[in-house]
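Here's what Swiss-Prot has on this protein:
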type	residues	note
DOMAIN	26-200	domain 'EngB-type G'
BINDING	34-41, 61-65, 79-82, 146-149, 179-181	GTP binding site
BINDING	SER41, THR63	Mg(2+) binding site
Amino acid sequence: MSVKIHYQNTHFITSAPDIRHLPEDEGIEIAFAGRSNTGKSSSLNRLTNQKNLAKTSKTPGRTQLINLFKVADGCHIVDLPGYGFAQVPLEMKLKWQRALGEYLQKRQSLKGLVVLMDIRHPMKDLDQQLIIWAVECGIPVQVMLTKADKLKSGARKAQVLKVREEAKTFGGDVAVDAFSSLSGIGVDTLRAKLDEWYAPMLAALAEQEEGEQPESSTDQ
């Protein structure tokens, strides 16, 4: 028996100002991170087929909370605050750079990192730093090049190949694909990657379900 994830059932659990205020470090967490204005909230909404799961902001970079969502039993998405926005004070930027590093290094339940980048402006300094931290911690990374609908097919494919070549320099497990919350490009790819990362927890849940099934009676 297998347990299938229904991403449309994903729901908000809590917000936290830093990792110390997150719920207990257990289960499997997949973190979503990206520069402000990369369409992270829209990507989460498209992934889950919900319009308002992650609230989009007209003032990027102002929301400095970690948002936790439950996908299934023991499976969570952690929406990390956007980084790198010009209007955010330097002190706040530095604080979040430290917090991101701490989260990647210390959160035992973190089993995968999705880094969202605008396909037209990928691999900025903080994007690269985030990937370096993840690779150093042995965390697999899925780079999603958002707003892929902004480029024509040929240019989109060329950009994906270019970023994949750049990603090879980091070593580790770093995949790169195009994504568009508007047209749906890459949604199935992202869900398949999350399924892969959540698989150990899903297998444990399936085993638990089988163990709870009543034994068939052998009485005549």
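Quick reminder: no glycine exception, Cβ is built from N, Cα and C everywhere.
For the binding-site residues shown (GLY34, PRO81), fewest C-beta neighbours within 10 angstroms: PRO81. Look at SER41 (Mg(2+) binding site): DSSP puts it in a helix. Residues within less than 8 Å, Cβ to Cβ, of LYS147 (GTP binding site) and separated from it by at least 6 positions along the same chain comprise THR38, GLY39, ASP118, ILE119, ARG120, SER180, LEU182. The two recorded residues, LEU65 (GTP binding site) and SER41 (Mg(2+) binding site), have Cα atoms 13 Å apart.
Each residue contributes its Cα atom, and for SER41 (Mg(2+) binding site) and GLY34 (GTP binding site) these two points are 10 Å apart. Around the Cβ of LYS40 (GTP binding site), a 10 Å sphere holds 26 further Cβ atoms from the protein chains shown. In this structure, LEU65 is the one among the binding-site residues ASN37, SER41, LEU65, PHE179 with the smallest number of other Cβ atoms inside 10 Å of its Cβ.
A coil conformation is recorded for PHE179 (GTP binding site) in the three-state DSSP classification, outside any helix or strand.
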